[in-house]
Amino acid sequence: MQHRKITFIGAGNMARAIIAGLVAGGYPAAAISVCAPSAKNRDALAAEYGINSSADNITCAKQADVVVLAVKPQMMAQVCLPLQEQVDFSGKLVLSIAAGILVSRFYQMLGEGLNIVRIMPNTPSLVGKGMSGLYAPEQVSQQDRDYTRDLMSSVGKVCWVDDENGINGVIAAAGSAPAYFFLFMDAMQQEAERMGFSSQAARDLVQQAAIGAAALAAANPEISLATLREQVTSKGGTTAEALRVFNEQRLPETVAKAMQAAVSRAQEMEKSF
C-alpha cells in the first residue's frame, strides 16, 4: 500500500478503527494525522498510535495527500466550507465516510471536479471485521481507487458499487446490518434467560451460535445460505418447528421491509444535506 500523508478530520470511532488498522498493517505513524476540536479525543489517538494531532483542519488538509472526512453528516458543511476557502484540493484524494451526502454536494462544498471516494463502513471495522461499500466517480484514477481499497481492507472487506445509489443498498445490507443482528441476538438472549440461563450463559450460547454460523458460511462460500439453513433442519424436528413460526410471522418479508426503510431514510438524508 502507498504510504501517502493522510489526515483524518474527526476523531470518532470509525476514524479510530481505520487508524488502528493502518498502524497494525505497518503504515508509518508519522504519515498519519488526526484533527478534531476535542483535545481529549485527538490526543488520545495520538498517544495510542503515535500519530500527529492538531486542532487546525486547514493546515492539516494543506499538508495531506489524502483527507478523510470522518465527521457526522450534520457537521459536514461546517467543516468543509472553511476548507474550500483556504485549501487547494487539486491533486489530493478526499474520502468521505458520512452517510447521506452525495458526491454532487461535495462538489458544491469543496469544488467541482473534486477527487473524492464515498465510503460506507460499518461498526465491526472496530475489530477488523468490517464491510465497507465504496463509490468513486469516473474521474477518480485507478491508483486512487486501489489506495482506497487497501485503506479499507485494513479493517475488513470492501465492495465497490458502480452507481452512487448503490451506497444506499450497502447501508441497508451492511452499514446498518450489525444492529439487525444485535436485535435478533438480544431477543434470543432474553428468551434464554427466561428459560433459566444466567445472563452470561445466555449471551455465551447466543453469541457463539452467531459466531459459528457466520464462520460456517464464510468457510463454505460455494454453498448458498438457504442450503446451509436446510442442512441444520430435520423434517419434523425442533429447528423446523422454530422456522415454521418465523415464516408464519413473515420474518423474510419483515427483513425486506426493514432494509427498504433504511434505503428510504438514506434517500431522505441526501435531500436534507
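Just so you know, the numbers here start at 1 and follow the chain as drawn.
Cβ atoms here come from the backbone N, Cα and C positions, even for glycine.
No curator has checked TrEMBL annotations; they are predicted automatically.
According to TrEMBL, the features are:
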- 5-100: domain 'Pyrroline-5-carboxylate reductase catalytic N-terminal' (DOMAIN)
- Ile9, Gly10, Ala11, Gly12, Asn13, Met14, Ala70, Val71, Lys72, Pro73: NADP(+) binding site (BINDING)
- Asn57: NADPH binding site (BINDING)
- 164-269: domain 'Pyrroline-5-carboxylate reductase dimerisation' (DOMAIN)
Secondary structure at Asn57 (NADPH binding site), reduced by DSSP to three states: helix
Mean of pLDDT values spanning the domain 'Pyrroline-5-carboxylate reductase catalytic N-terminal' (5-100): 95
Pairwise Cα distance maximum in Å, NADP(+)-binding residues per record: Ile9, Gly10, Ala11, Gly12, Asn13, Met14, Ala70, Val71, Lys72, Pro73: 15
Neighbourhood of Ala11 (NADP(+) binding site) by C-beta distance under 8 A, where only residues 6 or more apart in the same chain count: Val34, Cys35, Ala36, Ser38, Asn41, Arg42, Ala44, Leu45, Ala70
Number of other Cβ atoms within 10 Å of the Cβ of Asn57 (NADPH binding site) across all protein chains: 22
DSSP-assigned states of the domain 'Pyrroline-5-carboxylate reductase dimerisation' (164-269) in counts, ordered helix, strand, coil: 87 helix, 0 strand, 19 coil
Asn57 (NADPH binding site) and Lys72 (NADP(+) binding site), distance between Cα atoms, whole Å: 15
Listed binding-site residues (Ile9, Ala70), ranked by Cβ neighbours within 10 Å, top entry: Ala70
DSSP three-state assignment for Ile9 (NADP(+) binding site): strand
Number of Cβ atoms other than its own within 10 Å, given for Lys72 (NADP(+) binding site): 11
Integer Cα-Cα distance in angstrom, Asn13 (NADP(+) binding site) to Asn57 (NADPH binding site): 18
Neighbouring C-beta atoms (10 Å sphere around the C-beta of Asn13 (NADP(+) binding site)): 12
Cα-to-Cα gap, Ile9 (NADP(+) binding site) vs Asn57 (NADPH binding site), nearest whole Å: 7
Per DSSP, three-state class assigned to Ala70 (NADP(+) binding site): coil
